[in-house]
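Pulled from Swiss-Prot:
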BINDING   Cys64, Cys67, Cys70, Cys114  [4Fe-4S] cluster 1 binding site
BINDING   Cys74, Cys104, Cys107, Cys110  [4Fe-4S] cluster 2 binding site
DOMAIN    55-84  domain '4Fe-4S ferredoxin-type 1'
DOMAIN    95-124  domain '4Fe-4S ferredoxin-type 2'
Amino acid sequence: MFPMVTEFMNYGQQTVRAARYIGQGFMITLSHANRLPVTIQYPYEKLITSERFRGRIHFEFDKCIACEVCVRVCPIDLPVVDWKLETDIRKKRLLNYSIDFGICIFCGNCVEYCPTNCLSMTEEYELSTYDRHELNYNQIALGRLPMSVIDDYTIRTILNLPEIKT
């Protein structure tokens, strides 16, 4: 065939392909138009965290048997467990337990492998301070129950559920 005709056919095919790609992008843009906004006004509005959210660790002093499994499974050997061996009953007595949240990577291994379930993850994620030494929580600070976002009447909660397509 003539070279001019083949160039014209290639040009037509490329034009159709480009129009199809532009149309696909436009359809994706239009499909996002009916979704809820992601932006929230943070201090006054908060998202309700998911059930398996890994926030601050909660510690129950009475349940801990000082087995140090949490220290062994932690990738950075973070929890500090101080205990004393009671010779008359041959058991460990927990003296002090602390976690530095400035170093913690919130992997959840300590919670998952604890044999007595004395550790649990909370939905609390606001741990920012001006002094990094305030992020070192002892057993008293770890034992404090967090205030649920849903129970706080001063904050508007936003439930961000994925869309269910029917």
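Here the Cβ of each residue, glycine as well, is placed from N, Cα and C on the backbone.
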- Task: Could you tell me which of these binding-site residues, Cys64, Cys67, Cys70, Cys107, has the greatest number of Cβ atoms within 10 Å of its own Cβ?
- Result: Cys70
- Close approaches to the domain '4Fe-4S ferredoxin-type 1' (55-84) from elsewhere in its chain (Cβ under 8 angstroms; 6 or more beyond its ends): 49, 91-101, 103-107, 109-125, 127, 137, 139, 142-146
- Note on the structure: Quick note, Cys110 ([4Fe-4S] cluster 2 binding site) and Cys70 ([4Fe-4S] cluster 1 binding site): C-alpha atoms separated, nearest Å, by 4
- Query: When the Cα-Cα distance from Cys74 ([4Fe-4S] cluster 2 binding site) is computed for each of the binding-site residues Cys64, Cys67, Cys114, which gives the smallest value?
  - Reply: Cys114
- Who sits close to Cys114 ([4Fe-4S] cluster 1 binding site): which same-chain residues at least 6 apart have their Cβ under 8 Å from its Cβ? Val69, Cys70
- With DSSP helix as H/G/I and strand as E/B, how many residues of the domain '4Fe-4S ferredoxin-type 2' (95-124) fall in helix, strand and coil? 5 helix, 9 strand, 16 coil
- Could you say which of the binding-site residues Cys74, Cys104, Cys110 has its Cβ with the most other Cβ atoms inside 10 Å? Cys110
- Query: Given the recorded [4Fe-4S] cluster 1 site (Cys64, Cys67, Cys70, Cys114), which additional residues of the same chain have their Cβ within 8 Å of the Cβ centre, ordered by sequence?
  - Reply: Ile65, Ala66, Glu68, Val69, Val81, Cys110, Pro115, Thr116, Cys118, Leu119
- Within the same chain, and leaving aside Cys74, Cys104, Cys107, Cys110, name every residue whose CB is within 8 angstroms of the centroid of the CB atoms belonging to the recorded [4Fe-4S] cluster 2 site, in sequence order. Ile57, Cys70, Val73, Pro75, Ile76, Leu78, Pro79, Ile99, Ile105, Phe106, Gly108, Asn109
- Item | Integer Å distance between the CA atoms belonging to Cys64 ([4Fe-4S] cluster 1 binding site) and Cys104 ([4Fe-4S] cluster 2 binding site) | 20
- Message: Restricting to the domain '4Fe-4S ferredoxin-type 2' (95-124), what is the model's mean pLDDT?
- Response: 95
- From the Cα of Cys64 ([4Fe-4S] cluster 1 binding site) across to the Cα of Cys107 ([4Fe-4S] cluster 2 binding site), what is the distance in angstrom? 20
